[in-house]
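A quick write-up on the structure given underneath.
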Amino acid sequence: MLLRGGAFSACDAALGDSHHGNCRFDGLIPTGIFAPSVWSGRSRLDRSLRVASVATGEPKSKPQQESSHQPSLADRLRLGSLTEDGLSYKENFIVRCYEVGLNKTATVETIANLLQEVGCNHAQSVGFSTDGFATTTTMRKLHLIWVTARMHIEIYNYPAWGDVVEIETWCQSEGRIGTRRDWILKDFATGEVIGRATSKWVMMNQDTRRLQKVNDDVRDEYLVFCPKTLRLAFPEENNASLKKIAKLNDPAQYSKVGLVPRRADLDMNHHVNNVAYIGWVLESMPQEIIDSHELQTITLDYRRECQQDDVVDSLTAPEDAFLELLGTNGSPPVAKDENDNLQFLHLLRLSNDGSEINRGRTEWRMKPTKR
């Protein structure tokens, strides 16, 4: 996303030599999802008050003080709720016909949208985000919003049309200028983990479009609803979510130029929503890979926000570190890992001046013969 005011100087200091070194970025990601629950009108509020009381040592509010907060109709109908300890949120979703592709399984854009929805619903369940994506009361007063800095999604088994997906999400502090949100996706019928995801977010001033540190007031507002000990969707050492993404050098082997944001790609933060970037990245993937493989892992670093009038180029090439020459007669090199999964690097840039918008990495596995 395109930060018009330039880089925020505190960003490098807070994130060190990580992939966020260039802080002229922006993405956007709401979230939320999980288990069916039928609750009384006050159950969600009761649980939030209980968690806040435990975290702060303050006594629980009296029942007569709670009556001023009435859950909305959407709250009552939504198939999700806070977990028993109040430190994460779960919701169930049925995969609809318009959320699947040619093979009747959910697209990666569908998965990313569900992650957004779950995160937003989580924020709303604890009283945040009445008019924004997971914004607290202090953030709204100061015109601050959350924007996506990094998103990493791994899908082990794509849900099919009519399947019920159970998603759990939670958030935690991430350095001085950010926060993180993690997700675990399960097949509701079997309990099998079918995917995991993690993300990093930073705060931006909605008026100046500059990044801003997370102040103590904002941090105090949301930390009472976060796990007290570090909980990671990817606890494995050296897992793929930590891997830095090398910048793709031009000329790229595959490209799709002249991509234009649709009106439907814009969100309430007045820029292109982060999920649209996934579609742009995949636009430059070679068709023969799309036909024979399915996406297993996608990692995106959001470096600039993108506006409605911007024109975008999408570049793709095999990842250099794993190149192998396959076939003969000048067959193009394809990057592979030890599991014979194909790996690609991606770059989204502005067509007019080549400014980097988004840096990505994907991993692809052979499509299963039957589902």
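Each Cβ is built from the backbone N, Cα and C atoms, and glycine gets one as well.
Remember, TrEMBL labels are computer predictions, not curated facts.
Per TrEMBL, the features are as follows:
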type     : residues : note
REGION   : 54-75    : region 'Disordered'
COMPBIAS : 62-71    : compositional bias 'Polar residues'
DOMAIN   : 86-222   : domain 'Acyl-ACP thioesterase N-terminal hotdog'
DOMAIN   : 252-365  : domain 'Acyl-ACP thioesterase-like C-terminal'
Mean per-residue pLDDT computed across the domain 'Acyl-ACP thioesterase N-terminal hotdog' (86-222): 92
DSSP residue counts for the domain 'Acyl-ACP thioesterase-like C-terminal' (252-365), split into helix, strand and coil: 22 helix, 49 strand, 43 coil
Secondary structure composition of the domain 'Acyl-ACP thioesterase N-terminal hotdog' (86-222) [DSSP: H/G/I, E/B, coil]: 33 helix, 58 strand, 46 coil
